[in-house]
Amino acid sequence: MGFDDDDEDLVVYGTPIEREEDTSARKRRAVAEAGQLRALPAWKQEVRDEEGRRRFHGAFTGGFSAGYYNTVGTKEGWTPQTFTSSRKNRAEMKKQSIYSFLDEEDIKDMGGNALETSQQYDTFGFTATEHARKQASKEQKERPSAIPGPIPDELVVPATTSIGVKLLMKMGWRQGRSIRDAHADSLYESRREARKAFLALSGTKTGGQKIQVDSHKSDKDDGATESFEELHASGNTPVYVLHPKQDLHGLGFDPFKHAPEFKDRKRLQKSARDRNRSDVSMRGSLLISNSGQYAPGFGIGALEELGVEDEDIYASGFAYEQMEVDIEPSKTASDSNYKLEDRKRGVFLAFKIASSSEYKLERFDPPEIPSDFDGRHKFLTPRQDVNNLSDLAPPEVPAPEDTSLRLLIEGCAAMVARCGKHIEDFYKEKSKTNTQFNFLNEGDGCSYYARKLWEYQQKYIDQQKPDTVQSKSSDKLTAENRGKILGERPLDRSTKSSSSSFPAKEAIQLQSNLADNFVKPISLDGLPEYEKPFRNDPAKQARFEQFLKDKYQGGLRPANLIPTSTMSDVDRARERLDFEAAAETIEKGKEKKAMDPLSLLGLSGINEQRFVSSTESERSIPARDEKSIYPRREEFEWRPSPILCKRFDIVDPFMGKPFHVQRPRSKMDSLIFMSESTTRTNEVESSSIAPQHTSVAGATETEAKGAATDPEIESSSVQRPVDLYKAIFSDDSDDDMAEPLANQPVDPVKTSEDANMVLNRLVAEDFLESLGKELGLDVPPEKPTPPNVLFRSETPSTANAIGISRNRKAITCQEIKENESALDKEEIANASADVPSDNVEELGLKYEKQEHRAEKSRSRSSHRQTQSGSLDSDSTSDQHRSRERRSRHKIRSGTPGSDSSIEHHRSKKRKSHSKHRTRRSRSPYADSSDSQYTKRKHREKRHHRTRNPDTDSSDHEYEERHKSSSRRSSDKDRSRRRSRHHKR
């Protein structure tokens, strides 16, 4: 297909459109019906192939489809043939073939795959292969070729010869000939000829004539069949086929191909061995046939073999002259002679043995095994490998006479053996300038240096070996070996064995030896004063120290060093438990090297409370013990906080049960989680609180002492963790509670119970209040406190409980002072109503001085709080915010009582203000500043708002008290006016 020059650069994309005349009519019809077929419903559409023919499903004997959809033309589709059979018309057996399920195209495709015989399976080549070979040879003769002669069969005929044909051809078979043994025919012919000769010699004349006639006839018959046998018998059978393969050479290999003389020699030797073997085995009996004789009249060539046809099988009689048997010598005797000496003739025909041989047989003795030889191989370590592969030990050489040279050689050898070869190289470099080291360069003392170097190297290797030698697998691991492996130090035992029948002196000596072997622990060298928990009871303290000795000190000891016969078993067991607890506390106190004085003070307080009660306040702080102890496992009871149980809406499992004082587990635990009673006692003792009713001078002294001890108090006060819920929901009246006195006894069990009760009541009130606010309900008013009831009249247990609840908010000593000063002011304000008019001015002056002192103390405390840490400031700010929130709520809720009581309070405040105003105008010492009046007014309001939540008093009683107080105030005013009028 050619293109023009202009169209050479064009590229054709896509499939070219066929011409209409090239397509068949069926294809044109399929293209035309393609658009119509898409518009038909699914069940009417027919599947067609690329030629436009309907697709044929080859699943049945007929039909294009096998179902309802896309059927041949009926709704049912293909219908199978009905089975009919009768007597006249029997049902025929239909034989199905593969052509019943194929269409025309499939049959056309399979038409060329018929089964036929091929030349590949023509095993014997009688027909196809032979014909092809002959045809190829004829064609080769007719046409000229560059290769002269016939073409080999491997180039013309394909390789269709099977392996069986190849093997037969190797064995002597040829194409077109029968497979039979030609040697059997020759054997038969030889026997027949021998029979003829025997009859001719032993028969009569007539018989001989008949035999000649018969032989003549038989010769004719043989001549007739000879030509046939020559045609069908093998005439060119190889020699190696007659002789079976009995050597180790390859198939068809002849080692004597180019040396026929060696081949003849070998054949003669083999025939001689066979003859000797047959003579020994067959000539011993008289009844056996004379098979070893040869038939007379037959000559044997020099190079011919003695075959079966040469035997005289028809000979009669026995060979008596050959009865002597030559017995071959034994094999052992023949083996003793040398083979070369036994052969007088040459081994081969063309060789001769020399008269004198230079060959001498030499025998070598086996090597001698040394006595220290071990058949098992021992693998050496890298260091041993290097040392053992070195040269052997040098011989011993006497030391040089020069002492300085000998010392120098020994020192140099020791240094080289320890440090390595580089030290020797360094000394060799030094020998170039210093003649003393000439022994390193084959000088005087070289042999002695080599010997000493080897000795030091061996000594160094021996030192590097481990001390413990591995025992054999059969040895058992004893206690001593185990102790050595683990690095344990054995106890020093005395030479004499211990026995119960020792005299007294030997027993004392044994005990002293044991006491010297055991070292006393550091804790027993002398207990410090603060680590003697039973020092108030000397007998018990002595028993405790003996308990520590028995626990930590070994050796022999008497059964009862301290008599305890007066104690019962229960008391003795309880005392032992106390001793163990005390010893454990002392050990825990020695975990760290240093401990600050406050932690030692708290630890001593805990020990005193746990074992023996004591009122001593000053503790001696000894030096810290540096004994290291191992960690111990402890079990303690964890109790959830009541507020935690409330938040999770569960019942407190420990409700009403006293708190158990836990042992401090570390230094921080002893600081923070110290017993409340001990902390409160220390605070009370160090705060130096002034009494309730003090004079102006006494108050001044108390203020000076408090200012002097402020730094110490701040250093000893520890901020406990702030509970957020308690800081928010605790009552504001807790800040106004007073601490119990220092001289009152404290019961820790009762204190914990009261603290739980107060805390639960406060939490419940706060919860109800918050719930009422959320539901939009009014909060019920709290019951007021009588005006003549003071907080100092509370019981010690209640005060302790309130103190514990306040301690949970980390109250410092400065806050305690402020609360007490506020209480003093409230007492003065309450007592001013009952004071006569003559002492009003004195009380006012006293009140103003206390106010001034409280203001100064508050300013100092605020200044210290600004300098304190972030944690304290945050906790204090949270407390102030919670107090302001509660105060605002109380102002909104108002004072419980009727509206008349509120008006009564207001009138009372106005009267008190007018009274103070009058007193200020008459007092020469009064301060006329408005700020003091404002502060006093707020303080009085706080006093009126303060009430005790635990007091049970009805509203009626509250109103009556206020009415009586108002009547008393009116009477006092009238009496005061009378006195003024009288003075005038």
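The backbone N, Cα and C atoms fix where each Cβ goes, and this holds for glycine too.
The coiled coil feature in Swiss-Prot is assigned to 814-859. Annotation comment: Swiss-Prot describes 130-144, 473-495, 843-858, 947-974 as compositional bias 'Basic and acidic residues'. Taken from Swiss-Prot, the feature compositional bias 'Polar residues' applies to 679-695. Feature annotation from Swiss-Prot assigns compositional bias 'Low complexity' to 697-709. According to Swiss-Prot, the compositional bias 'Basic residues' annotation covers 882-892, 905-922, 934-946, 975-984. Residues or ranges marked as domain 'G-patch' by Swiss-Prot: 160-202. Among the features that Swiss-Prot reports, region 'Disordered' is placed at 130-153, 464-503, 679-717, 775-806, 820-984. According to Swiss-Prot, the feature repeat 'SURP motif' maps to 408-450.
Mean pLDDT across the coiled coil (814-859) comes to 54 in this model. Tertiary proximity for the repeat 'SURP motif' (408-450) is limited to same-chain residues at least six positions away from its ends with a CB under 8 Å from its CB atoms, namely 394-395, 397-400, 456-457, 459-460. Residue counts of the repeat 'SURP motif' (408-450) by helix, strand and coil are 35 helix, 0 strand, 8 coil (DSSP-based). Within the compositional bias 'Basic and acidic residues' (130-144), the DSSP-based counts of helix, strand and coil residues read 13 helix, 0 strand, 2 coil.
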